Amino acid sequence: IAACSLRVPVEVIKQRLQTSITKKSALQLTINTWHEEGIRGFYRGFGSTILREVPFSCIQFPLWEILKTTWYQKSGRSVHPWEGAVCGALAGGFAAAITTPLDVAKTRIMLYSKSTGPLAAPFQKVPNVTETLSAVYRGEGIQGLFSGVTPRVTWITIGGLIFFGVYEYSVYILDRR
């Protein structure tokens, strides 16, 4: 949650840069966000980000431990750092797939505009996660809820391999001392 207090404002500006038709810089978009929405504009989607991150972590970390335990039981020896990294990558990819609808909701809430987009018509204010998921499902079905699942799973699997690999190797090095 603490990390999200720094990550969300950066994510808001990044997504607006990625979807902007105008050729505005990050600084220009930051200034526009401040003038048009104030501090709240930088935290649009904070709640939906938390609602994505908590289930993601609650799936990823226990699954990583379960996979490592299973690997240990099958091999009859300690799990090597690269094996722990593979377990982390698989756990992250699975958690990413399962939480993709929450990521879709988070992204659409961050990018919501009263005048544009598929969610604009039914809402006079920024929709919440439930409203967003319902609107996406009604308009696009299950496919809409899982839009972007392949790049999300790919990115998080690669990131998990690196993150858990560095972590496992660091633990291995520290244990040897």
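Placement of Cβ uses the backbone N, Cα and C atoms for every residue, glycine included.
Keep in mind that what you see is a predicted model, and the values were worked out from it rather than measured.
Mean pLDDT, taken over the repeat 'Solcar' (1-70), works out to 92 on the 0 to 100 scale. As annotated by TrEMBL, repeat 'Solcar' applies to 1-70 (among others).
TrEMBL lists 79-173 (among others) with the feature repeat 'Solcar'.
According to TrEMBL, the feature transmembrane segment maps to 153-174. Same-chain residues lying 6 or more positions outside the transmembrane segment (153-174) and placing a CB less than 8 Å from one of its CB atoms are 60, 64, 79-82, 84-93, 95-97, 100.
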**Asked** Counting by DSSP, what is the helix, strand and coil composition of the repeat 'Solcar' (79-173)?
**Response** 72 helix, 0 strand, 23 coil
